[in-house]
Amino acid sequence: MFLQEGSTSGTTLLFILFLCCMTLGTILMCFLSKRNDKGEQESADSSVSLCSSVTSLLKLVITPLLDMRMLLIVPLFAYSGLQQALVWAKFTKDIVKPALGTSGIGGAMAVYGALDAICSLTAGRLTSGLSSISWMVSSGAFLQAIAFIWILLSYSLTGGVHGVVYPLLMAAMLGIGDGVFNTQLNALLGILFKHDTEGAFAQLKVWQSGAIAVVFFLSPRISIQAMLMIMLAALCVSTAGFFFLILRAEKNFPSRATPSS
C-alpha cells in the first residue's frame, strides 16, 4: 500500500488525482451544447460552439456576483463548505479518534449522517418562505456554534460513558446544522433567484467546493483550536450577511420572497 500512516505521499497523490479529475470534468463541460425547447441540439461551427460555451460559462459564474443579494449570501455558501470539511478532516481526527478509536469513526459519522438526513427531510418539509428559512438557519447555526465553543473551551478527553457520548452528541449537533444548511440554502436560492437558478446554484457549488478544498489543504498545518476560531468568525460573518439579506428581501420583495400557498 502506498498510503502509509504518517506519510504525506499518498495524500498528495490523492489530491493530484482529484485535481486531474476536476480539470478533466471542467474541460468536458466546455464542450456541452445548449438545446432548444424541442430538445434538438443547436447546429453551429465547432470552434464557434466551443467559444460560446466557454463565454456562457464565464458569464454564468461572474454575472450572479454583480447582484448584491448573491454577495450577501456567498459567505454562507463558503461556511457550509467549511463546516463540512471540518467534520471530515479535523473532527474525526482530533475528537472522535482519540475518544473512540479508529473503529469508532464509522459510528460517529453514522450518527452525523443519520441526523443530517433526518434534519434535511424535516427542514425541507417545514420550509414555507423566508421566515421559516430564517429561524431554521438560526437554529442550525446556534447548534453548530455551541458545538464549536464546547470543543474549544471545555471539552477534554475522558473515559467511561461520557467519553463515548460526548463525541457522538457533537456529531449529532454538527449533522443537524449541516442538514439545515443543505436544505435552506437551496430553498433560499430557489426563492430569490427564480430567473437565474443555474447561476445561483453554480455559485453555491463553487464556493462550497472551494472552501472544502482550502480546509483539506490547510488541515495538516493548522490546529483544531485555530480552525474552530476561524469557523466561529466565519459563522458570525455569514449569518450577519444572511440576516441582512433576509431583511432586505422581505422589505423590497415581499410578494416574490414568500411563495403563495
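Even glycines carry a Cβ here, placed using N, Cα and C.
Remember, it's a predicted structure, so these values are computed and weren't measured experimentally.
As annotated by TrEMBL, transmembrane segment applies to 12-32 (among others).
Taken from TrEMBL, the feature transmembrane segment covers 99-121 (among others). Remote same-chain residues near the transmembrane segment (99-121) are listed as 87, 92, 140, 157, 163-164, 166-168, 171-172, 174-176, 178-180, 182-183 (criterion: CB distance under 8 Å, separation of at least six residues from the stretch ends).
The list of residues near the transmembrane segment (133-153) in space but at least 6 beyond its ends in sequence, with Cβ under 8 angstroms from a Cβ of it, reads 76, 83, 95, 119, 123, 126-127, 170, 173-174, 176-181, 183-184, 187-188, 191, 224-225, 228-229, 231-232, 235, 239, 242-243, 246. Look at TrEMBL and you will find 133-153 (among others) tagged as transmembrane segment.
Summarising the annotation, TrEMBL assigns transmembrane segment to 165-193 (among others).
TrEMBL lists 224-247 (among others) with the feature transmembrane segment.
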